[in-house]
Every structure is written in structure tokens, then in C-alpha cells.
Amino acid sequence: MAYALQQLINGLTLGAVYGLIAIGYTMVYGIIGMINFAHGDIFMVSAFIAVTAFTLLAAFDITSLPLALTAVLITAIFFTSAYGWAVERMAYRPLRGSTRLAPLISAIGMSIFLQNMVQLTQGARVKPIPPVLEGGIEIWQSGGFTVQISWTQIMIVVVTVVLMVAFTYLITQTAFGRQQRACEQDSTMTALLGINVDRTISATFMLGAALAAVAGVMVTVYYGVVDFFIGFVAGIKAFTAAVLGGIGSLPGAMLGGLIIGLIEAFWAAYLSPEYKDVATFAILILVLMFRPSGLLGRPEVEKV
Amino acid sequence: MKKTLIATAFLALGAQAQLAHADLAVAIAGPMTGQYASAGDQIRRGAEMAIADINAKGGVLGQKLKLEVGDDACDPKQAVSVANTMVNKKIVFMHGHWCSSSTIPASEVYVEADIPMATVSTNPQVTERGLKNIFRIMGRDDQQGMVAGGYIADKFKGKKVAVLDDKSAYGKGLADEMAKAMTAKGLKPTLRESITAGEKDYSGIVTKLKQAGVEVLAYGGYHTEVALILRQAQQAGLKLTVMGGDTMTNSELVTAAGAAADNVMFTFSPDPRKNPDAAPIVKRFRDAKVEPEGYVMYAYAAMQLFADAATQAKSTKFADLEKTMRGNSFKTVIGELAFDAKGDQKQPGFVVYQWKGGQYDYAAK
């Protein structure tokens with residue numbers, strides 16, 4: 001029982017990270033109907049920015065943990081959003097209105113570009129940071145097994161929950177959220193009503209990148225090691241999460257992320273860690289067979 | 001006058017050639033140029049010193065040794081042509097080649113010409129092909145698991161040990177060997193699992209280890225995953241000792257795992273500089289401004305091996321040399337050498353090291 005609880009905590013932490021990245025996929029799909037395959041690499045870039053920021057802070061001898069974390073978060077969000085904006089501006093906006101396939105190919109190109117850029121400028125070797133946040137609390141002991149939740153895990157879950165609340169508010173209650181949902185429903189009509197569609201789309205990309213940046217910082221702190229290839233695996237898993245939850249749906253992305261995190265943790269715990277990816281993707285296939293639009297996705301209605 | 005001088009020079013050259021003919025030609029071959037040239041340089045320095053020492057003591061069977069150097073640049077094709085050249089030079093012993101991929105094709109040439117060879121190449125295939133002329137003075141890749149598993153069984157008797165690999169050819173091979181060696185010595189692994197390399201989250205497997213009460217992890221794979229596992233184990237409140245292979249020599253492990261790296265042990269070739277018997281030789285190398293690192297001492301030992309074997313066999317004929325080298329044991333600067341039927345060392349050439357404060361050293365027995 002204690003063992004299951006521990007694996008639940010592990011799965012939730014992992015799922016929260018997947019969810020944060022998945023929102024970027026789902027939001028972009030919602031607004032312009034394309035899969036931004038470079039999103040995983042945006043996440044990777046943010047992890048590298050975090051490593052650089054941590055190193056710089058250490059060089060300036062700033063050791064206060066809350067201060068350092070906040071500084072790193074702000075730096076990562078700022079620069080990663082800039083990346084998100086630039087990617088949209090350079091690789092996708094010129095292709096808007098062309099075939100559906102063009103921006104998709106452009107996105108794959110962008111993904112390769114970012115990976116290679118980081119590999120060439122930062123090197124192919126892994127970049128470690130010394131442990132930032134160590135220790136944790138023991139929450140329960142049973143049958144010789146101590147359930148332990150580390151401070152990093154608590155931080156990841158808390159930050160994710162706070163972000164989700166803030167994000168829901170942003171989308172459902174603010175003027176920007178209304179504009180965004182309007183663009184999602186009918187961008188031509190929205191433009192006719194005097195809303196700057198291009199700017200809304202740019203902002204969406206920046207917002208998605210900002211969430212990926214938070215995930216990047218969390219992953220850097222949690223695992224302590226980054227390399228130029230982490231965006232690929234994380235991106236594929238997060239994309240899967242978005243599809244599983246129903247692409248285009250924000251709560252769906254989070255739910256999908258959590259489900260994938262939990263499947264991975266429990267499959268590794270009770271069955272074979274070797275086959276956990278097989279299990280994850282098999283479940284994705286099963287869900288899509290019976291609910292093609294994902295768990296929380298709305299089926300596409302032909303408008304007449 | 002000039003003519004006489006030239007004639008004398010020719011005469012002298014002739015005399016030199018005559019003398020050289022009476023010498024015994026021994027050879028080294030390896031990458032003297034190219035990206036691995038530093039290894040070739042080490043081999044050459046070691047062999048030169050050994051030959052100078054042997055000649056100073058009167059040579060072998062009353063004949064002086066003469067060194068031939070072949071450059072294969074670690075290219076298998078070039079290695080074969082080097083081998084043919086060496087055969088034409090009538091060498092009686094070869095130390096080389098260095099890359100396994102060069103040693104394997106070149107050895108086919110030497111075996112035809114009845115030339116014994118001592119190599120430092122570690123690929124199992126070097127000695128697995130049933131050639132009678134090959135002697136390996138270094139450990140072979142697949143002996144690591146044997147040494148590591150044996151060490152675990154001796155040192156951590158009664159503790160729970162998990163064997164994990166990363167599904168790579170290297171990692172799985174090493175992990176299987178470790179499990180086999182442990183079981184043979186009466187310590188059965190509690191868990192035998194595989195993980196996917198390149199991921200970042202290993203909390204699932206770490207929790208599984210914790211649940212099973214595992215204290216020692218025998219891991220076949222690379223240092224990056226070990227660093228992640230150690231960090232996540234620490235967060236989960238699990239104290240883990242890790243035993244791995246030569247990939248753990250990478251200092252990235254220490255940067256990534258922090259203080260937890262002190263719990264990592266691994267197998268690696270012994271450092272001959274630490275051999276107390278070799279201290280005078282080490283000093284002589286250092287006096288000559290050569291750091292006896294890497295393959296220097298191995299090259300020295302190879303020449304010692306030949307000189308000893310020829311002296312004991314009282315012959316440099318292949319059949320006699322081969323019989324002596326296989327039958328006897330030889331004291332060299334890298335320790336005692338004795339070979340089995342395949343030509344591998346009877347004592348596996350690996351020792352257990354442990355990280356400590358960013359440096360690694362022999363682990364406590």
C-alpha cells in the first residue's frame with residue numbers, strides 16, 4: 001500500500017511535467033490547427049537557459065534558494081517566450097494560409113534546427129547542475145517502507161496546480177482569453193470584429209513557451225541533468241498526452257499528462273519497466289480507437 | 001679522397017646491415033599517426049625503454065633486440081599491409097596492434113608466418129578465433145562482469161542486490177555477466193530489470209528497488225543513467241551502492257551525481273604505476289621525462305614477456321615460444337602474466353575502483 005502511494009506520487013510528479021508541456025501543444029492546435037513539433041525543443045531550450053542561469057547565479061554567489069529559483073524561473077520564462085515568439089514569427093506566420101502540411105514540415109524543421117543549434121553551441125555532452133533542492137518529508141510508514149515526498153516533487157505539484165488555476169482564469173475570465181477563444185472558433189470573423197489575430201496567435205505561442213519554460217526549470221531542478229535531446233522524448237510524451245486528453249482541450253492536456261505519468265509509474269512498479277513505453281502507447285491507441293477525439297475532446301462537428 | 005669517404009660510408013653501412021641481420025627483430029604496431037596517435041606514442045616509448053634495458057643486460061640468447069615500428073593508424077586495411085611488411089622484415093615477435101579492429105585482420109597474417117603476438121586489444125573476438133599465436137596482456141571486455149560480480153558476491157554477502165541494464169549490447173552483456181558471476185558465488189540477484197537509456201525519470205525503478213530492500217545495484221550501462229538513478233534514489237531516501245563497468249570512469253558522473261558518486265564502484269584495467277614491483281621502472285620513465293601512463297607499461301611488459309619466454313625456451317622458434325608462453329608464467333612490470341588455452345590471461349585484467357571526492361582509486365578488498 002505504501003509502495004503504491006509512493007508510485008502514485010512519482011507518477012503525479014511526472015504527469016504534471018508532461019501536462020505543462022502538453023498544454024503548449026493543445027493550445028497551438030486549438031488556435032491554428034497545427035501540431036507544433038518544435039514545442040518539445042522549446043522545452044529543451046528552456047532547460048538549458050535554466051542551467052545557464054543557475055551557473056551564473058552560483059558564480060555571483062547568490063545562494064538563497066527562493067531568490068535563485070525565482071530568478072531562474074523569470075529568466076527562463078522571459079527567454080523561452082522570446083523563442084516561442086520568434087519561432088512562430090519566422091517559421092509559421094509566413095506559411096499561414098498555405099496548405100495544412102507546410103507549417104507541419106516547417107515545425108519539424110524548426111525542431112531539428114533547435115536541437116542542432118543547442119548541440120553545436122552547448123556541446124553534445126550532458127550538462128549537470130549540482131543538487132539544488134535536497135531532502136523531503138516522510139509522510140507515512142508501513143510495512144518497512146517509508147513513503148517519502150521530496151521538496152522538489154512538492155514544488156512541481158504546487159507550481160503546476162497554481163499555474164493551472166491562473167491559466168484557467170486567464171482563458172475563461174480575461175479579455176485576452178476571450179480573444180483567444182474567439183480566434184479558435186473563427187479567426188476570420190474575429191479579425192472582422194477588430195481583434196488582432198496575429199497578435200493573439202503570437203501571444204498564444206509565448207504563453208505555451210512560458211509553460212514549457214516552467215516545466216524546463218522544474219525538470220532541471222528535479223533531475224539535475226539536461227542534454228540537447230531531452231526535448232524529443234518529453235515532446236513525444238507530451239504530444240501523446242495532449243492527444244489522449246483530446247487535442248484542443250486544456251483540461252484534457254493536463255488529464256492526459258497525469259494519466260501517462262501514472263501509467264508509466266505503475267507499469268514500472270508492478271509489471272516490467274522495460275515495457276512501460278509499449279504500455280503507454282498501447283493505451284493511447286486503445287483510447288483513440290474508441291474515442292477518436294480523445295478523453296475530453298469535442299468531436300468535430302461539420303458546420304453547415 | 002671523397003670517393004674513399006663514400007666507399008667507407010658504404011662499407012660501414014654494409015657492416016651495420018650485417019650486424020642488424022644478426023640482431024633479433026621485434027616489432028610494435030599501432031596508431032602512430034591519426035586520432036589515436038597518443039596511444040601509439042605510448043607504446044613506442046614503452047617498447048624503446050624495454051629494449052634498451054634488455055640490450056643493456058646482454059639481449060636475448062646472446063643477440064641484441066632491434067625494434068621495428070609499424071603504423072596502422074587504426075585502419076584495418078593498413079594494419080594488414082603493416083603485418084605483411086613486418087613478416088618480410090623477419091620479426092620474431094609482435095606487440096600489437098592496438099585497435100581490436102586492426103588486431104583481428106593483422107593476426108591472420110602473423111599466424112600464417114608463425115609470429116607470436118602480445119596485444120592490448122580488448123574485444124573478445126581477438127582470442128575467440130582459435131589462433132595459436134595471440135596472447136592478450138590486458139583484460140577482455142567480457143571479463144569485467146566476472147570481476148564485478150565476484151566482488152559483489154564477496155563484499156556484499158547477504159545483502160540484497162539488484163541487477164539492472166540499459167538494454168544496450170554493452171550494458172546487457174555486462175549485467176548478464178555480473179548476474180552470472182554473483183549467482184555462481186552463491187549470491188542470487190533479488191531483482192533483474194532493464195531500463196530505457198536516455199530518459200530522465202527513473203523514480204519508478206528507484207521506488208521498486210526501495211520496496212525490495214535493495215542496497216547494492218549492479219548496473220550495466222553508461223554513467224548518465226547512474227547519475228540520475230543515484231540522485232533520484234537520494235530523493236527517495238534510498239542509500240544505494242552502485243557497481244558498474246569502465247564507462248563509470250567518466251568524471252561527468254561526479255558533476256551530475258554530486259556526493260552520491262562516492263557510492264559508485266566500477267571495474268577498470270589496473271594502473272601498472274601502482275604496482276610496487278614496478279616502482280624502479282616507473283621512476284626511470286619519469287627521469288626520462290615520460291609519464292608511464294596508458295599503454296607505456298604494457299608495451300614494456302610485452303617486451304619483457306618475449307625476452308623471458310625466449311630465454312626460458314632457449315629458442316625463438318614459434319613452436320617453442322608458443323609452448324613456453326602458454327605453459328609458464330612471467331613476471332613483468334604489469335604483474336604476473338599467465339595465459340590460458342585461448343591466449344587470454346588466467347587472472348582477469350580488471351580491478352575494482354571506487355570514486356572518492358572526485359577521484360577514483362582501488363576499492364577496498
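Quick reminder: no glycine exception, Cβ is built from N, Cα and C everywhere.
Nobody curates TrEMBL annotations by hand; they come from automatic prediction.
These come from TrEMBL:
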- A:12-35: transmembrane segment (TRANSMEM)
- A:42-60: transmembrane segment (TRANSMEM)
- A:66-87: transmembrane segment (TRANSMEM)
- A:150-171: transmembrane segment (TRANSMEM)
- A:203-223: transmembrane segment (TRANSMEM)
- A:278-297: transmembrane segment (TRANSMEM)
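Counting residues 6+ beyond its ends, the transmembrane segment (A:12-35) has Cβ neighbours under 8 Å at 42-43, 92, 96, 100, 103-104, 107, 153, 156-157, 160, 163, 167, 180, 183-184, 187, 200-201, 204-205, 207-209, 211-212, 214-215, 218-219, 222, 234-235, 237-239, 241-242, 245, 247-250, 252-262, 264-265 in the same chain. Tallying C-beta pairs under 8 angstroms between the transmembrane segment (A:203-223) and each of A:42-60, A:66-87, A:150-171 places A:66-87 first. Sequence-remote contacts of a segment are chain residues at least 6 beyond its ends whose Cβ falls under 8 Å from one of its Cβ atoms, and for the transmembrane segment (A:150-171) they are 9-10, 12-13, 16-17, 19-20, 23, 132-137, 177, 180-181, 211, 214, 218, 221-222, 250, 254.
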